[in-house]
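Reading through the structure tokens given below for one structure.
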Amino acid sequence: MQTISLIRPDDWHLHVRDGAALATVVPHTARRFGRALIMPNLRPPVTTAAQALEYRARILAAVPPGQHFEPLMSLYLTDNTSPDEIDRAKASGAVVAVKLYPAGATTNSDAGVTAIEKVHAVLERMEKLGMVLCVHGEVTHGDVDVFDREQVFIEQVLAPLVARFPALRVVFEHITTAEAARFVQDAGPNVAATVTAHHLLLNRNAIFAGGIRPHHYCLPVLKRETHRRALVEAATSGNAKFFLGTDSAPHSRAAKETACGCAGCYTAHAAIELYAEAFEQAGALDRLEAFASLNGPAFYGLAPNAERITLAKDAWEVPGEYEYLHDDPLVPLRAGETVAWRVL
């Protein structure tokens with residue numbers, strides 16, 4: 001049986017929700033990853049260091065006994081965030097990033113930033129302190145096609161932001177287009193990007209294969225095949241600017257399979273295994289460790305994890321659902337289908 005050994009990876013973009021949901025989703029991540037950057041888009045959002053520390057404690061309480069897992073926290077940037085709150089976040093030692101959501105761009109983003117000019121003072125403080133800005137890179141104007149939101153965001157928001165704050169460390173989250181990959185490659189050393197497993201494995205045809213596929217609907221939405229190939233090329237290139245961020249986003253079956261379903265693919269149950277598939281398909285398994293375990297910590301100024309994990313080429317069937325919210329289950333990516341790699 002073929003096996004590969006990796007330094008234990010980290011997930012630099014993860015949603016775990018709150019309350020009863022934590023008991024299902026946190027163990028999936030803790031089994032595979034040493035650390036994960038937790039997204040702050042709860043309702044209400046995590047906007048202060050104090051709230052982040054309380055949320056961190058709730059996450060840690062859901063980690064199974066004997067598992068070593070460290071949640072790294074982020075704050076939700078709003079028009080009203082103060083530079084002083086950035087100071088408190090930095091001093092907490094637990095908050096490592098601030099997340100920019102353009103208002104209305106994704107799940108629970110209605111409190112997001114309405115105009116980037118409103119947070120310039122905060123960005124200046126972050127630049128001074130070395131705090132990372134994580135960016136959901138889509139505009140939300142009604143006249144912009146949903147498949148073009150990322151490219152327009154680069155032109156209208158991200159490129160001017162990087163030019164104005166050249167020392168600000170920026171992660172372009174869950175990139176989905178060739179234009180985004182090219183922007184990151186061409187930018188200075190303070191700009192990096194996360195790439196999800198589902199954007200490496202799927203193109204937008206997957207949303208419509210034989211009917212509407214709500215469990216393949218995410219934001220940013222899956223793009224055409226040329227973009228998927230560009231993402232694979234970037235992720236497997238060995239360029240340290242690209243690293244693992246699952247954007248695993250749990251929603252209950254009822255919230256997904258409905259007239260107006262939520263955006264998000266749940267991948268935490270098989271995250272590193274799905275990345276292994278993508279890298280194997282690209283003939284680049286030898287570059288998986290750098291992407292999954294080394295590049296992210298290096299950008300965030302952290303040491304790699306000391307532990308290792310082993311993956312075996314041993315196919316397994318993904319359950320059709322996981323218990324989630326009382327009688328409303330969670331449907332994972334590849335439900336009822338097989339994943340080629342297994343964590344031993």
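Glycine too: its Cβ is placed from the backbone N, Cα and C atoms.
Values in this document were obtained by computation on a predicted structure and should not be read as measured data.
Marked as Zn(2+) 1 binding site by Swiss-Prot on the basis of sequence analysis: His13, His15, Lys99, Asp247. Per Swiss-Prot, substrate binding site is recorded for His15, Val16, Arg17, Asn41, His136, Leu219, His251, Ala263, and the stated evidence type is sequence analysis. The Zn(2+) 2 binding site annotation in Swiss-Prot covers Lys99, His136, His174. Taken from Swiss-Prot, the feature N6-carboxylysine applies to Lys99. For Asp247, the entry in Swiss-Prot reads active site, with the evidence type sequence analysis.
By neighbour count, meaning other C-beta atoms within 10 Å, the densest spot among the binding-site residues Arg17, His174 is His174. One way to see the shell of the Zn(2+) 2 site is to take the Cβ centroid of Lys99, His136, His174; the remaining same-chain residues with a Cβ within 8 Å of it are His13, Met39, Leu100, Tyr101, Thr106, Cys134, Val135, Gly137, Glu173, Asp247. DSSP assigns His174 (Zn(2+) 2 binding site) to coil in the three-state reduction, outside any helix or strand.
For the pair formed by His174 (Zn(2+) 2 binding site) and Asp247 (Zn(2+) 1 binding site), distance between Cα atoms is given as 7 Å, rounded to the nearest Å. The DSSP secondary structure for Asn41 (substrate binding site) is coil. Long-range Cβ contacts of Leu219 (substrate binding site) within its own chain (separation 6+, distance under 8 Å): Ala105, Thr106, Thr107, Glu138, Ala263, Gly264. Considering other CB atoms within 10 Å as the measure, the emptiest surroundings among the binding-site residues Val16, Ala263 are those of Ala263. When the C-alpha distances from His136 (substrate binding site) to the binding-site residues His13, His15, Lys99, Asp247 are tabulated, the minimum falls on Lys99. Recorded residues Asn41 (substrate binding site) and Asp247 (Zn(2+) 1 binding site) have their alpha carbons 12 Å apart, per Cα-Cα distance.
The C-beta environment of Asp247 (Zn(2+) 1 binding site), restricted to residues of the same chain at least 6 apart in sequence and closer than 8 Å, consists of His13, Leu14, His15, Glu173, His174, Thr194, Thr196, His198, Cys218, Gly264, Cys265, Thr267. Surrounding the centroid of the Cβ atoms of His13, His15, Lys99, Asp247, where the record places Zn(2+) 1, the chain contributes additional residues within 8 Å, namely Leu14, Leu37, Met39, Asn41, Cys134, Glu173, His174, Gly245, Thr246, Ala249. Sequence-distant contacts of Lys99 (Zn(2+) 1 binding site), defined by Cβ-Cβ distance under 8 angstroms and a gap of at least six in the same chain, are Met39, Pro40, Asn41, Ser74, Leu75, Tyr76, Leu77, Leu133, Cys134, Val135, His136, Glu173. Taking all protein chains in view, 26 other C-beta atoms sit within 10 angstroms of the C-beta of His251 (substrate binding site). Of all Cβ atoms in the protein chains displayed, 23 besides its own lie within 10 Å of the Cβ of His15 (Zn(2+) 1 binding site).
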